[in-house]
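Per TrEMBL, the features are:
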{"type": "DOMAIN", "residues": "513-700", "note": "domain 'STAS'"}
{"type": "TRANSMEM", "residues": "73-96", "note": "transmembrane segment"}
{"type": "TRANSMEM", "residues": "102-119", "note": "transmembrane segment"}
{"type": "TRANSMEM", "residues": "247-264", "note": "transmembrane segment"}
{"type": "TRANSMEM", "residues": "276-295", "note": "transmembrane segment"}
{"type": "TRANSMEM", "residues": "331-351", "note": "transmembrane segment"}
{"type": "TRANSMEM", "residues": "363-380", "note": "transmembrane segment"}
{"type": "TRANSMEM", "residues": "400-420", "note": "transmembrane segment"}
{"type": "TRANSMEM", "residues": "457-482", "note": "transmembrane segment"}
Amino acid sequence: MLRPTGKQYVVTRPLYSEDAFADEHAKVRRQRKTTRHHVKDYFTWNSKRVKNAALSLLPIVGWMRIYRLKEWLLSDIVSGVSTGLVAVLQGLAYALLASLPAWYGLFTAFFPVIVYLFLGTSRHISVGAFPVLSLMVSAVVTRMVPDEGSLFNITGFQGLSIEEQRVMVAASVTFLMGLMQLAMGLLQIGFIVMYLSDTLVSGFTTAAAVHILVSQLKFVLGLEVRGLSGPLSIIYKIFVQIEKTNMCDLATSLVIMVVVFLVKELNDRYKAKLPVPIPVEVIMTVIACGISYAFDFKEKFKVDVVGHIPMGYESPVAPNMEIIGHTAVEAFPMAIVGFAVAFSVAKVYAVKHDYTIDGNQELIAFGASNIFGAAFKSFAASTALSRSAVQESTGGKTQIAGLISALIVMVVTLAIGFLLEPLPKSVLGAVVIVNLKGMLMQVCDVPYLWRRDRPDCVVWLVTCLASILLGLDLGLAVGLGAELITVVFRTQFPRCSVLANITGTDIYKDRKDYVSIYEPEGVKIFRIPSPIFFANIDFFRGKLVGFNPLRVLRKRNKAMRTIRKLLEKGELQMLPGYISIGPIEECEHYSNMEDLDKPIDFKDLPLRVNWNSDLPANIQVPRVDVHSLILDFSAVSFLDISALKGLKAAIKEFIWVEVEVYIVACDAHILEKLHSCMFFDEDIKSSMFFLTLHDAMLHVSEKHPVRSENTNVYTKQEGIPQSSNTFGGVRKQYHKYKCI
């Protein structure tokens, strides 16, 4: 019965063990489906399920039905034009980052966008080139086709220039990446991205930003650096020929970086007042392109420019299977990183604009986008935060804005691409470097992580350093390994605690954290804060009460043998603490060693031993001050077979040394598993399970009444035990307590 009284409540109910509660309260019997039923349901289709599947596979149908033409169309057009201009510029820049001719970035800004329009669930992300993926593509391309020419005997390379070979490699690895994403989406394993924590992604993208920054220095300085094999070697090769720096390239880059940086800061500061962000990158690119053409930078100052941009699109091609065989290892981390970044950005906008996204459908969308794009020689596509921010902040409502941006890219590709031919590559490098600000500033997270969560900080540092020194693919694997190790350590060595009753309540907290606590003599409450499995069961057994019950049992068995021999020889006198219960009977001498790890039957002895008193003949046995051990299972979510066996052995050992064990707040599924695995026997009874800690404590207090002079309430401020004979309002059968 519950009676609220102001800010207090009073509860009156019986004391419940799990058995008593099950006897009094009937459970609903649920019919659980078998594997056969699940398979049958999966292959059973009806009109409603077909409709839902179609809407799930083609999300465009869902949002087109609610499209507000008059309210949203103009916003989508404005957003699409702004995003398209940025996509053109970033496509050119990220193609160079991928070690490909610049105009192939325009293909990546067009073909994947068209497919994502129909299959994607996010309405705000801008699909296209992403600098981290471009860098990973560059690593594959330069490995397969270095500057000195291909080292692999690929049939499809015959008769092709180095640039054409690199385009074939990029398209093939992009096809394989898309195939992996599509397969993961169809198999419904989009949850795999959950294993990439925000900390790991932050460290990885920061390292990628360092790689990108270093790789763009050759464009900013106007140097020719061959054989890209890592940031340290690139820096070395740059400084070796630093005297060859093209001052026109350097000056142009510095001006572009300063102006773009300052205007971007103004955009961030006054974004509430500006109708749309100032497209400073586009403006500066147009100005730089015009100045380069007017003053003939290419001929007069030997500036490396974008050069000829072919009009139109190339015919579709099939992927090269030999290249796919050589790039499978690199394609998988590319598929994971591309999806993880896109999904994280999509989640931000989905929460902001109150709609849902489907991780598995996003995998299908990006997989199909990359497969389709690879057929037309585009490289790996995902999304970029800066480009998506432009699409959302300029008023984009749906992927119609993405379609408009793709049309802008198409116009540039088919009609006005020649206007970008005099554009210096140093301008593109400067734009890429300025856009790295957000990723590089993630370094500022390290001090915060170190103060708040050091294992997470270690994951960040390991991922970042490994990605810088070993490369992005191996660095990601090392970071994931470090992350899983921290998870293992957190679960294998959790922070256990001994609980105590908060005086006058039914609440139990860590005894180290509170001042006024109540601890009955001989009772220990141990809280287990994690799942119990094969890796941590021994850790918990060692932490339980501070002594080894098996060692105590062995000592007691040895002591009892010694006492038996003394009694047989007549050398033992009755001492205080020993109670004679009958005459000594003649017994057979034990010449064989008995198993000391199990309790031995000494019922034939005429006395009982008080193991906590002084024993005769200088017999030393460790004292056990605990008569009841309560295990709080409220945070235990699962128990595997190895842990079940270890728990059973531990409980038996405590019972053998006369320590009663109780388990409270055990999950119903764990309890069912214990019954099905024959956990209970003549020593371990189901009656040891109680609903709550307070139920178990009341049961213990009834079974082991504590005299008032031995019941202490400890006030840590004074350090003096105070006499008390109350404990949460104990009653013999019912318990009643009042809480503020």
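Using N, Cα and C of the backbone, Cβ positions are placed for all residues, glycine too.
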| query | What else in the chain is close to the transmembrane segment (331-351), if you only count residues 6 or more beyond its ends and a Cβ gap under 8 Å? | reply | 121-125, 127, 130, 132-133, 136-137, 173, 176-178, 180-181, 184, 190, 192-193, 196, 198, 201, 204-205, 324, 357, 359, 362-363, 366, 370, 380-383, 385, 388, 392, 472-473, 476-477
| note | Counting only residues at least 6 beyond its ends, the same-chain positions whose CB falls under 8 A of a CB in the transmembrane segment (247-264) are 219-222, 278, 280-281, 284, 288, 297, 301-304, 424, 426-427, 429-431, 433-434, 437
| Which residues of the same chain, at least 6 past either end of the transmembrane segment (276-295), have a Cβ under 8 Å from a Cβ in it? | 78, 82, 85-86, 89, 252, 256, 259-260, 263-264, 266-267, 301, 303, 305, 390, 393-395, 419-420, 422-424, 427, 431, 434
